[in-house]
Amino acid sequence: MIVTTKKLFEAAYGKYAIGAYNINNLEQTMGLFRGNLDSQAPFIIQISKGARKYSDKRMLEALIRAADEIFPEAIFAVHLDHGDEETCMDCIKSGFYSSVMIDASHEDFETNVAITRRVVEAAHERGIVVEAELGQLGGVEEHVKVDEANAKLTDPDKAKEFVERTGCDSLAVAIGTSHGAYKFSGSQALRLDVLAEIQKRLPGFPLVMHGSSSVPQEEVERINKAGGNLKGAKGVDENAFRRAAELGVTKVNIDTDGRLVWTRVHREYFMQHPEEIDLRPIGKIFMAEYAKFIAHKNEKLGSAGRLPEVRALLSA
Ligand code: G3H
Ligand code: 13P
Ligand code: ZN
């Protein structure tokens, strides 16, 4: 059943966070639904602009509709990840997405407010909810001075003004993470202190943490042993998710860790089976491993086991 992220956040706020997972193909879709049902978790499917272009935007929609039929127990939101204004409007018009992210965080504050406001108006007219972003993720290097690094993080006072002026339904905040497999070098860290300040200004308002892959070292080692080259890859401590949830984070975005599962499974399999040319045996292994990975993340997020209470809340 497709629901809005807003509904999921009402159930989760302050207690746990919902996993938001990016998909690009059939195998990820099947693994995603299985993993969430195995762990009895509500979840968010994220579709990026790149994923919409990979084959055809209608292909992912069709896969999700099919999965919804195959797994009728599943409760999830369909969310556009890092949309620009044009893509947001396309998704809002399509009637399929229950939630969109407008990412105008690279613009100056006033432009970000104006673009976000336009998307919010169009989305709310159709009952679709909007995630916006303030602050900039990642790319902060060791040599950058503390003042400069802090300038990229979300300013708590500005966050309050931004939410009030845009009417967005949730806010992605920059608290020290970055996208991809190389997040923290040297002294960089997750800034739960900044998150706490944002929550003080926006009590009860759902916050979103992007760039939340943990880049498990065991996974990196297995990939490197099987011919990969991911030296120095490092991610977010997944044991910090529960504290972040207490501080208002209701959505945690994870994509890179899923890519690592895909890479490890395929590299190891083809090393061990150089004669193999059938894509299905490896596809089956990947789906099972991806499902295990999703269930594990949901345990860490605290969303595992919450499906019955979310179902009860939705039908109340
Ligand atoms: O934040 C970005 C997500 O990891 C999606 O990546 O744009 O390559 O699909 P993508
Ligand atoms: P990771 O690269 O840490 O998985 O972050 C994904 C993300 O933020 C998608 O929007
Ligand atoms: Zn992101």
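Placement of Cβ uses the backbone N, Cα and C atoms for every residue, glycine included.
All protein chains included, D81 (active site, proton donor) registers 25 other Cβ atoms within 10 Å of its own Cβ. The active site, proton donor feature in TrEMBL is assigned to D81.
The Zn(2+) 1 binding site annotation in TrEMBL covers H82, H179, H210. Look at H179 (Zn(2+) 1 binding site): DSSP puts it in coil.
Here the Cβ of E133 (Zn(2+) 2 binding site) has 25 other Cβ atoms within 10 Å, regardless of which shown protein chain they belong to. Residues annotated as Zn(2+) 2 binding site in TrEMBL: D103, E133.
Sequence annotations record features per position, and here TrEMBL assigns dihydroxyacetone phosphate binding site to G180, G211, S212, S213, N253, I254, D255, T256. For N253 (dihydroxyacetone phosphate binding site), other Cβ atoms within 10 Å of its Cβ number 25.
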### Task
Using a Cβ cut-off of under 6 Å to any atom of ligand 3, determine which of the binding-site residues D103, E133, H210, N253 qualify.
H210, N253
## Note on the structure
As a whole number of Å, the Cα atom of T256 (dihydroxyacetone phosphate binding site) is distant from the Cα atom of E133 (Zn(2+) 2 binding site) by 20
### Query
What subset of the binding-site residues H82, E133, H179 lies within 10 angstroms of S213 (dihydroxyacetone phosphate binding site), using C-alpha positions?
H179
#### Entry: Any further residue of that chain within 8 Å (Cβ to the Cβ centroid of H82, H179, H210) of the recorded Zn(2+) 1 site
D81, D103, L137, A172, G211, N253, D255
### Task
Count the Cβ atoms, other than its own, that fall within 10 Å of the Cβ of S212 (dihydroxyacetone phosphate binding site), considering every protein chain shown.
29
